[in-house]
Amino acid sequence: MTSQEKVPLQVQLSLPQILSRRDWENPQITQYHRLEAHPPFHSWRDVESAQKDRPSPQQQTLNGLWSFSYFTQPEAVPEHWVRCDLAEAKPLPVPANWQLHGYDAPIYTNIQYPIPVNPPRVPDLNPTGCYSRDFTLEPSWLASGKTRIIFDGVSSAFYLWCNGQWVGYSQDSRLPAEFDLTPYLQAGSNRIAVLVLRWSDGSYLEDQDMWRMSGIFRDVKLLHKPEIHLRDIHIMTHLSPEFTSANLEVMAAVNIPSLQLNDPQVTGSYQLRVQLWLADKLVASLQQPLGTQAIDERGPYTDRTQLVLRIDQPLLWSAEQPTLYRAVVSLLNHQQELIEAEAYDVGFRQVAIHQGLLKINGKAVLIRGVNRHEHHPQTGQAIDEESLLQDILLMKQHNFNAVRCSHYPNHPLWYRLCDRYGLYVVDEANIETHGMQPMSRLSDDPSWFSAFSERVTRMVQRDRNHPCIIIWSLGNESGHGATHDALYRWIKTNDPTRPVQYEGGGANTLATDILCPMYARVDEDQPFPAVPKWSIKKWIGLPNESRPLILCEYAHAMGNSFGGFARYWQAFRQYPRLQGGFIWDWVDQSLTHHNDHGQPYWAYGGDFGDTPNDRQFCMNGLVFPDRSPHPSLYEAQCAQQFFQFSLLSTTPLVINITSEYLFRESDNEQLYWRIMLEGESVLEGSQPLNLSPESSQCYRLAEKLPTLNKPGQLWLNVEIRQPKETPWSPAQHRSAWHQWRLPQPLFSPSSDLTNATAHYAPQLQHNLQLQHDLQLQQDEQHIKVTYQQQCWQFSRQTGRLAQWWVADKPMLLRPLQDQFVRAPLDNDIGISEATHIDPNAWVERWKKAGMYQLQQRCLSLHVDHLSHSVQISAEYGYEFEQEPLLHSHWVYRFDRHGRMTIDVNVRIATSLPAPARIGMCCQLADISPTVEWLGLGPHENYPDRQLAAQYGHWSLPLEQMHTAYIFPSENGLRCNTHTLNYGRWTLTGDFHFGISRYSTQQLMVTSHQHLLEPEEGTWLNIDGFHMGVGGDDSWSPSVHIDDILTRETYQYQICWQYKV
């Protein structure tokens, strides 16, 4: 047969002829000549290699350097490029996004499409990447069988040529495109060419909240299959009601030439064998010929068979105990010789919704989930195994058991790793039309049905053999249309073993088995007109509603956020049908960029000149781009921990521990406990933890509380560690912790802050000598209080402590003064698009009220001589446009020990929105390498985000007191502090503090972390009260009322001392 007889006529079309059809603007054309979807194949030629998952010689990677040429539109590509490289071509790695290699620009938008909305049309100026590479095939490779090329991910559409002949076309950026290259190949050197379009009609279905980039960004490989080969394999497990036995059901289809399909003697000569292995032990085996199961009165499918193996006492798979078997499916010829084998990891597990509860192996599961985009700061959407594994290990270490593939099918290796390490997965179709108006515009349009359908059905066909996948998702934020209902029914018919979820149209349509709202709040209704978001507690109690509720997105972790997260987990544990959710989201989607000096920094929307853009809204992660943790990650870890604690009594000291594991014995846990006195251990111990799943046990720690030789507050700290390393954690990994303030201290602590009875001296005289060298000097401009080498100097004009001298050295660069504002958080700004400003956002309310432009006046200044101290009282008024807004009254007391105690009373006008903080700030001249404190720590914490913080004595380098959020904002607070030591400074009281080299003003005006410049000295913020950070979402005020400063008056007290 001649080459031309082998090749379909279409490949004879020229490049201009192919492009003139504009397939990328036709939603009913999603592919030409692409092979049907199936699970990943390796085509092993021996069973042992398949069973042990060895590299297959039948696969050949095409990753590496390709030749690349860039054009602004496809019509500009020279026709001869399909046969030979262009002179201007340069090497480009595959996989990669070309925008990260100097071509075109990445674009970050959330909702708004990056192109004019005119579906299915896209701009004529359509960036186009022309890839090519040569590869060599030995004659033996081509002697028999078929060769396929597999593209695991190309954005957004592409055409393929081999040796100058057109092979096919495909779109859908996140699923494999596989083509038969057999007719086009030759022994020796071969050339493939790929023309990739940035925009296609598929781009209207890929409007996810992410960087919009393009190119061949996943693996490319060749696969050699025999002429007769396995075409599809579907593996299901069915467990008995008592979970004591299971059936392994394998449905396999074989590719047989069509002329032989109706010949039972031919098809019956091929046999399928399934062998099930547990490690190196063969557990079960079954073999039978094709075409043995009658389908109807006309007989069986002659190219398929179904094998069912019974397994007694199977070891079950769960995220807690991800026990995997290995199923080897072999195709044999009539002589019982192996033609080829495929193999898959198998987990025996059951997913069901029963009595309103999502259950895994009969147990109601609490989803400790997170949304995850495929993102790497250097390589963008090209993710390697090291990065995938890093994410999984971090998730497991921080008590996550589930991940939602937001919002598209992930790299095939992701699912294998989730199978092996144990994470429940929501696999989501690559569909989002958030920028459409209405969102359901395309899902209700029959001409788009094929485009929608293939993205759902091909995902299921590729991924359905993975035990980690417990839920299918129809996509994200695409409204609710007839297409969704049809695809829901398709999944339920083709995979009845898993539920389906879909949030669009209000999270409770007939196209979802699970109520899966996003950003619904615990107790607060959001009654939007078309799709109301009820509080999660209310939602599960609505009439005729019996489905479980699992939030598909919640706790928007944008920047300094995540306030109120613990409230969700209180509700999850209280109401069984509230079964958890998926935090938004895992990683800050920032890309590494370089400034004019070649220095790298983390960039966000707009930094690449990209238009439109949504600025920093891409950075919502629990981890920074390099996977270092945000403080909020610890909050998630603590709230989601699998052990819960309660204090039963103090004499004897008894606690109760409850295991929330459903399947796992606590056979690698050690309980450690300590009784702490003001941060120091006075009694401690440890013992093994032996808890069965879902059980509780009491632990007697001590017969009584210890006798102390000094006063103070006692605390009981407990934590659980894993003595041995696990596949996902190192030895001594801390998995759970808790702390109690014990009911009563053994002594009543003395306080330097208690107001002693004041004995006023006779009339104050200038230059008066007080006891113990405490001196007072006054003139028309200043008031000075001196003690030994220290001098406190007040300005009569401002009423402020203008300077603190020590041995004639100034200690203050900026005076001590009130502080009522903070550098706005993303949650304070309250916007989801760069062009929309929410007038209800906190920052807008503060701006309108004049909080950032307050005019300060000293209303009064009085000096009093007491018997053992000097007292200075000052009143300050703050107004905006002549309207009084705030009034503060400071009382300074200087005592015979060289201490300055400040009592602050603040009164707030009823017309003023609640301030961000009630506190003070100053700029210290000193820079000390270390900060020590007694209070909540060690990481950053805020009034509504302190579940994971513990009271204790902490010490950190100064630079670690600043949290380097990429978009600068208020950060670094430590709450409930009683003592702060910084260099020679000591502060005592009950306060929150933040300390760094950056002022609030600089944080307010700087757009990126790398642009911050350390200032002279150290900025110290002391807060008596601080508003919460919020975090239910980031586009509406989300700080809970309990964490808002709503009172009219506030009072706090601080004692300062400098150790000379």
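Backbone N, Cα and C atoms are what each Cβ position is placed from, and that goes for glycine too.
The shown structure was predicted, so the numbers you read here are calculated from the model rather than taken from an experiment.
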Annotated companion of Phe617, Asn620 at the Na(+) site, Swiss-Prot, chosen from Asp207, Asp209, Asp219, Asp1023:
Asp209
Out of Glu386, Glu477, which one does Swiss-Prot list together with Glu432, His434 for Mg(2+) 1?
Glu477
Taking Swiss-Prot at its word that Asn110, Asp209, Glu477, Glu553, Tyr554, Ala555, His556, Asn620 bind substrate, choose the one of Trp1019, Trp1035 listed for that site.
Trp1035
Neighbourhood of His556 (substrate binding site) by C-beta distance under 8 A, where only residues 6 or more apart in the same chain count:
Tyr519, Trp584, Asn620, Gly1031, Asp1032, Asp1033, Ser1034
List the Cα distance (Å, whole number) between Glu553 (active site, nucleophile) and His434 (Mg(2+) 1 binding site).
15
His434 (Mg(2+) 1 binding site), number of other Cβ atoms within 10 Å:
19
Asp209 (Na(+) binding site) as reference: those binding-site residues from Asn110, His434, Tyr554, Asn613, Trp1035 with C-alpha within 10 Å of it:
Asn110, His434
Fewest other C-beta atoms within 10 angstroms of its own C-beta: which of the binding-site residues Asn110, Asn613, Asn620 fits that?
Asn110
Among the recorded positions Asn110, His407, Glu432, whose Cα is within 10 A of the Cα of Asn613 (Mg(2+) 2 binding site)?
Asn110
What's the CA to CA span in angstrom from His407 (site 'Transition state stabilizer') over to Glu432 (Mg(2+) 1 binding site)?
8
What kind of secondary structure is Asn110 (substrate binding site) part of, going by DSSP in three states?
coil
Whole-number Å only: compute the distance from the Cα of Trp1035 (substrate binding site) to the Cα of His373 (site 'Transition state stabilizer').
20
Going by DSSP, give the three-state secondary structure for Asn613 (Mg(2+) 2 binding site).
coil
Rounded to the nearest angstrom, how far is the Cα of Phe617 (Na(+) binding site) from the Cα of His373 (site 'Transition state stabilizer')?
14
